[in-house]
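Here's what Swiss-Prot has on this protein:
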| type | residues | note |
| --- | --- | --- |
| ACT_SITE | Asp8 | active site, nucleophile |
| ACT_SITE | Asp10 | active site, proton donor |
| BINDING | Asp8, Asp10, Asp128 | Mg(2+) binding site |
| BINDING | Cys91, His93, Cys99, Cys101 | Zn(2+) binding site |
| REGION | 1-163 | region 'Histidinol-phosphatase' |
Amino acid sequence: MKKILFIDRDGTLVEEPFDFQVDSLDKIKLTSGVIPALLQLQKAGFTFIMVSNQNGIGTVAFPEEDFAVCHEFILDLFSSQGILFDEIFICPHTPEDNCICRKPKTGLLEPYLKETAFAKHYSWVIGDRDTDKEFADNLGVNFLPISKTHTWEMVVSAIINDARKASVQRKTKETAIDLSVQLDSDQTSVIDTPIPFFTHMLEQVAKHGGFDLRLQASGDLEVDEHHLIEDTAIALGEAIRTALGDKWGINRYGYTLPMDESLACVAIDISGRSFCDFKGQFTREFVGGMATEMVPHFFQSLSSALGATIHIEVTGTNHHHMIEACFKVLGRALRQACSRTNNYLPSTKGVL
């Protein structure tokens, strides 16, 4: 589904003039940073919709031709930089007209909204007034302000850099997992499980994956460590899948990593199709309190929850090194596959 930015015009795309009316070309001045910001957002796959209140178009105080000349100039200016608006909605009424189309009301967009499927969670209203925030609330989407203290650069950071995060709480009779990921943050992860070696392995995934991982996990270790490791893998897969959103612009594919005498190879495809093939032989039953049979099971559970194809092969003689190499290489593969380097969805199907 579409990710839409509903963008105000005056005070957001162009500076608001002293008399609050853009009716001559000498009043037109772009807001600081708007061009590079919109180019970044356009590259990230967002659709632009302009929605603006223009008081009294067609009246003596605001002749229609004065509005049209300035409006076309603004559109041509953005178009010259490769920035296009899919739709433009202008309310020409005054507040006294009590119309159904003036923001924060949504009447102007009703026909469009009925015909257009869009992802509300990934859509925003960007504007400079309280009415824009009310408009966002009425649409059921997010809101970001434009002001002297909240710039277009901050808007881009909020939408793109902070968007790829998710939290999962998984509580069963066997385990309690509280996990969150932020894919575009390299803060030091905080991971707490009752199996120190497993904690260390997850730290490797986050560190080499280049993302922030917060995890609090507990479970019925008096029975077996199986449930804890399995449910953690499921929660991690669900969180990464959710944080990726529509997967627009990701590499999708991703790695080979040596560790001393051990070598681990991972091929990953975040395709929406779950499959896991693990090749490796462990002759020890446990390493650091973690059953070695749970290593392939971790990857199988992750693959299922993430919706990814994962092939992994590991060789070596030191089991600690072999397992650590597996988790490190998983992190590197996720970093490569989840990174945004394209301005398209990497699939001929149009969906992942």
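Residue positions begin at 1 at the first shown residue.
Keep in mind that glycine also has a Cβ here, set from the backbone N, Cα and C atoms.
Shown on the structure are the features that Swiss-Prot records.
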residue: Asp8; record: active site, nucleophile; contacts (Cβ under 8 Å, 6+ apart): Met50, Val51, Ser52, Lys103, Val125, Ile126, Gly127, Asp128, Arg129, Asp132, Ile146
residue: Asp10; record: active site, proton donor; contacts (Cβ under 8 Å, 6+ apart): Glu16, Pro17, Phe20, Val22, Ser52, Gln54
residue: Cys91; record: Zn(2+) binding site; contacts (Cβ under 8 Å, 6+ apart): Ser52, Asn53, Gln54, Cys99, Cys101, Arg102, Lys103, Leu108
residue: His93; record: Zn(2+) binding site; contacts (Cβ under 8 Å, 6+ apart): Asn53, Asn55, Gly56, Cys99, Cys101, Arg102
So around the Zn(2+) site, Cys91, His93, Cys99, Cys101 aside, which residues have their CB within 8 A of the centroid of those CB atoms? Asn53, Pro92, Asp97, Ile100, Arg102, Lys105, Gly107, Leu108
Using other CB atoms within 10 angstroms as the count, which residue among the binding-site residues Cys99, Cys101 scores least? Cys99
Return the count of C-beta atoms lying within 10 angstroms of the C-beta of Asp128 (Mg(2+) binding site), excluding that atom itself. 20
Do you know the mean pLDDT across the region 'Histidinol-phosphatase' (1-163)? 94
Extra residues within 8 Å (Cβ to Cβ centroid of Asp8, Asp10, Asp128), Mg(2+): Arg9, Gly11, Thr12, Leu13, Glu16, Ser52, Gly127, Arg129, Asp132, Ile146
If you run the three-state DSSP split on Asp10 (active site, proton donor), which class comes out? strand
Please report the DSSP secondary structure of Cys91 (Zn(2+) binding site), reduced to three states. strand
